[in-house]
Amino acid sequence: MVNVVVTGAAGRMGTQIVRLVAAAEGLKLTGAVERPGHAGQDAGALAGIPPLGVAVVDDLAGALAGADVVIDFTSHEASARNAELCAEKGVALVIGSTGFTPEAKARVAAAAARIPVVFSPNMSVGVNVLFELVRQAAKVLGDAYDVEIVEIHHKRKRDAPSGTAVALGEVAAGALGRDPADALAYTRHGILGERPPWQIGVQTLRGGDVVGEHTVYFCGEGERLELTHRATSREQFARGAVRAAGFIAGKPAGLYDMADVLGLRSAR
């Protein structure tokens, strides 16, 4: 049995993860963490299911006793702090937060030298299949096709572009032998001249209640290939995170992603 702690347990993602962990074979919810205001409430009741006998606390350190894995959907600042605490306690970690700064990523990487960490910009199984499709398409189509990425999310999303859009650009750039730092273009405005052939554009849209949509365009002469993933609910992100928790328990220290969880890396 894998003992799981969920951070952000009263949020939209957290409540879904609590429900899925409670229903999952081989997993047991042993801790739930949320900001002050929810402490003492039963995690199951907060998630809309029968009580689980797990009281919400407002400090991760107080929930780690006996834990095997923490599933973290908070913020990049909180996730970096939580990674350091999990490393101190020897508890594996699944991170689904986005919007990481280079400094926060470095803190997570340092923690992964001591514990196993699944760190992925998107926990959806479908999106991770999209990563592989983009990699293969870029290799086959090569420099003869221009690559552009468009993402749209709900108006409350704080970071832009999405971590998934950036990752898609990095995947395409890597497959084409380009440095993402040079190739990815996030802003276009004014008279810029002809599009550089090495460039990969990443465009952001925000509005309404869109859960998430990503399209990668491969634009050639006389044809265009579009690869799209549309999320219609957040449940697929939660399902991926719970799957990652079952995968990472007992693994050696290191930085893993959903390609490892889904066995996609070994299939390349």
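Using N, Cα and C of the backbone, Cβ positions are placed for all residues, glycine too.
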For the NAD(+) site that Swiss-Prot gives as Gly8, Ala9, Ala10, Gly11, Arg12, Met13, Gly96, Ser97, Thr98, Ser120, Pro121, Asn122, Met123, the extra residue out of Glu34, Glu77, Glu148 is Glu34
Same-chain residues at least 6 positions away from Asn122 (NAD(+) binding site) with a Cβ under 8 Å from its Cβ, in sequence order, are Asn128, Gly163, Thr164, Ala167, Phe237, Gly240, Met258
Rounded Cα distance in angstrom between Arg35 (NADP(+) binding site) and Ala10 (NAD(+) binding site) is 9
Cα of Arg12 (NAD(+) binding site) to Cα of His154 ((S)-2,3,4,5-tetrahydrodipicolinate binding site), in Å and rounded, measures 14
Record-listed NAD(+) binders Gly8, Ala9, Ala10, Gly11, Arg12, Met13, Glu34, Gly96, Ser97, Thr98, Ser120, Pro121, Asn122, Met123 have a maximum CA to CA distance, in Å, of 22
